[in-house]
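Features of the protein shown, as given by TrEMBL:
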BINDING   A:24, A:26, A:28, A:68, A:258, A:262, A:300, A:302, A:308  Ca(2+) 1 binding site
BINDING   A:303  Ca(2+) 3 binding site
């Protein structure tokens, strides 16, 4: 369940576009109005506003936001203003560029592959080809190493899973055994591991992971790290976490972005912006369960000003 | 360029549905009317007719066609009446079932993966999950052997290629070399071969195959057969033919269905039905080039009655 709140009576796209135009007018920008409008509109409504804004003023709303705003607030509201598939296509491209510095960035591609609906993932691939004139998969193949890791990522990015609760216990048992074999023999790049993780539906996989835990005593994500802690193992672990429980994964992303010295605003923004319309209420519950503290308090404690206001609006905690 | 002809003034879906209903009425079916209407409507128009027919008469047009018709004509017009993605999803399922008898059937899955638009392929995968409650990829992984062949098919079925003419000659050269390496060392199931064939756009691949011919003297499809003529090699060859020239591939499918003893009506129907709205005019030219005889004459020579009428209508040769 998402956390975004939309008013009962929504202004027309022309009224919203007009109010945004006024907020840009004159010296300084009226950030409160931007938050009040965009922070309470769903993806369809934002698309209509973008289109109407362009028709009325012959300028791109996103370009205008980019020229008016900066800092973490600017980045957050621009990410939010994008079409979700286009946003993820851009994030994927950036992640591939940054992955040469740290494998951590590939987590972003795993999230859109393993914690999104099949139709969203296809939309991201379509947007990627439109924006960058090549397929996401060919960019992964030519930017990611070792090749076993590229192969695993290409497989999950190319998935189109069945999206309903259809579980076969016999398959779950036999595939838990296959996964355990691969871990025991340290052959995590086995084709069967790839197939299991990239073709099975989410519910089937959760049953498989549960079988694994029952039969072998440990969580599969833990056992993977016993094979090593290289780039391949760390990405594989994220894949399994995203498939098993997206809300737990994102609770951890938010926690990691906040704890320690300084805040990782890019990760915090990405988690909240990308889940506000999907499952941020569940992420919030999971955060409370895991860390015995409130996600809202954590965000308020680590952010300030318009950035704080905007994130708290997406969390459904402010009007 | 497709061969389907649609009248300048198209009747409304309700008029068409009404005329079809009348054609079913009484003893025997008026096949000429079915051909005259459905054989001159594009996929969108047929969809509107199906919907309107259902609304007006509370029965499925496809079910009615199935109960009224039989034989090759019945099969052909029913395939044509389906939504193209749903049709291919059903053909893929049948092909997987039949592939245990003969690997030849997997050609059908290659055609939709390597000779169709990326959006059509995604539509087929979506339709497949709706119809069969699992992903096409998991059915391939569990029905096709050896596993190298399943891996190759999963890769091409999962592709979402960039759909424009964007060619990098340096990449074409280097990937022609990689493909030649794989052939020379008889390691056709190499991951790089899979990647090249499943992530690159059609134009890039055609350039790569042309480079291969220029540098190594032979067509790559020929050289593949020098590695062996097992199931894997035969499917890989079809993949390359479909990527390189769909019109040539389909000209060969039609030729093979006609020459020799008897006619393979299923292949003949599939080729004409699935390409009538895409490139059947080019298939016809290619047929003339390759076999120095007319495709239309070949179809007339091997078919008869309503079946002949219907195929010739889709070929744009009859009104």
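Every residue, even glycine, has its Cβ placed from backbone N, Cα and C.
Unlike curated records, TrEMBL annotations are generated automatically.
What you are looking at is a predicted structure, and each value in this text was computed from that prediction instead of being measured.
Fewest other C-beta atoms within 10 angstroms, among the binding-site residues A:24, A:28, A:303, A:308, are seen around A:28. Residue density at residue A:258 (Ca(2+) 1 binding site): 20 other Cβ atoms are found within 10 A of its Cβ, drawing on all protein chains shown. Residue A:300 (Ca(2+) 1 binding site) falls within a helical segment according to DSSP. Around residue A:300 (Ca(2+) 1 binding site), the same-chain residues at least 6 positions away in sequence with a Cβ under 8 Å from its Cβ are A:308, A:312. DSSP gives residue A:28 (Ca(2+) 1 binding site) a coil state; it is part of no helix or strand. Here the Cα atom of residue A:303 (Ca(2+) 3 binding site) is found 24 Å from that of residue A:24 (Ca(2+) 1 binding site). In the three-state DSSP scheme, residue A:258 (Ca(2+) 1 binding site) is classed as helix.
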